[in-house]
Every structure is written in structure tokens, then in C-alpha cells.
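According to Swiss-Prot, the protein has these features:
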ACT_SITE  ASP52  active site, proton donor
BINDING   VAL67, GLU68, SER69, HIS86, GLU87  substrate binding site
Amino acid sequence: MQHYETVEAVTFAYGQRHHLEIQITREIAKEQGIRHHILDMSLLGQITAQPDFATIHISYIPDKLCVESKSLKLYLFSYRNHGDFHENCINTIGKDLVNLLDPRYLEVWGKFTPRGGISIDPYYNYGKQGTKYEGLAEQRLFQHDLYPEKIDNR
């Protein structure tokens, strides 16, 4: 550190469970004579700190099995108190339905309420391998959301 005019340390306070991390970093910086900055990142929030609202669009072409709408609603309601990223939720819903139904084609699109002006609308699709639906899935993925909605027209 003697090769530099000034050395400064930065710690990001992002709501970590162990505040001891920040305390130890502060003490080490003080011992070394290093200026220490703590940047509060709590504005990012934790995964489960804020409720998320979404409209989930599910379209599928069945093969031999269909899902009853009441069962599907109960399954989707199980996500009410589930803390996870939007993308993970949509991917899990899609994979669960593929495993359950073995459909020819399936797509799941989550339209989540924007936070801070940023909209995250994850999309999952599946086409049964070796069928024309495999090509349909690829085509739909490439054409998906070419003209996304604006935040003010939801």
C-alpha cells in the first residue's frame, strides 16, 4: 500500500444477515489507516421484502393429458408467499407443467408489475423434441416480445 498516495476501502451494505462483516471490515481499515466508505444499498430491497404482482399467461397444446383449471389455480396460488426471482418462478412453473403434462407445446409468460420503472416479464416455452412443435418453440422464442408494452399501457 505504500506505493499509492491514497488507499480507500468500500463496503456495500446490502442487508446481509451478518452485520459483523461490515464491523470487521471497518476495524481492519482503521488499523491499516485506510479511509473506509460504507455504501447503503438497502434501496435494492431483499427478495421477499416487497410483494410482487403478476399476470401469468399459460398456453399449451396438450398431448394426452390436460390440467384442470382449479388444480392449476391452486398450484399458482402456492407462489403467493414464495420468495424468488421472477425468472426462476416462471421457469419452475414451465418445467413443472412439462413434467406433469408432457405437452406438445407449452409457453408461460409472467407479466410482473414494474418496480422503479423497470419491467421484468420472463418467458418460458417448450416444444416436444422431434416434432414440429420443437421448431414452433424456437420460432416463438425468437419472435417473443418484439414489440414490448410500455410501462404506462398495462
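Cβ coordinates are placed from backbone N, Cα and C, and glycine is handled just like the others.
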Seminar exercise, completed: GLU87 (substrate binding site) to ASP52 (active site, proton donor), Cα to Cα, whole Å, comes out at 13
Seminar exercise, completed: If you measure between the CA atoms of VAL67 (substrate binding site) and ASP52 (active site, proton donor) and round to the nearest Å, you get 25
Seminar exercise, completed: DSSP says GLU68 (substrate binding site), in three-state terms, is coil
Problem set entry | Distance [Cα-Cα, Å, rounded] between HIS86 (substrate binding site) and ASP52 (active site, proton donor) | 9
Exercise. Looking only at ASP52, GLU68, GLU87, which of these recorded positions has the biggest number of Cβ atoms within 10 Å around its Cβ?
Worked result: ASP52
Seminar exercise, completed: Rounded Cα distance in angstrom between GLU68 (substrate binding site) and ASP52 (active site, proton donor) is 25
Problem set entry | Under 8 Å by Cβ from SER69 (substrate binding site), counting only residues of that chain that are 6 or more apart | none
Exercise. Just how spread out is the substrate site if you go by the largest Cα to Cα distance in Å among VAL67, GLU68, SER69, HIS86, GLU87?
Worked result: 24
For this session: Could you find out if DSSP has HIS86 (substrate binding site) as helix, strand or coil?
Result: helix
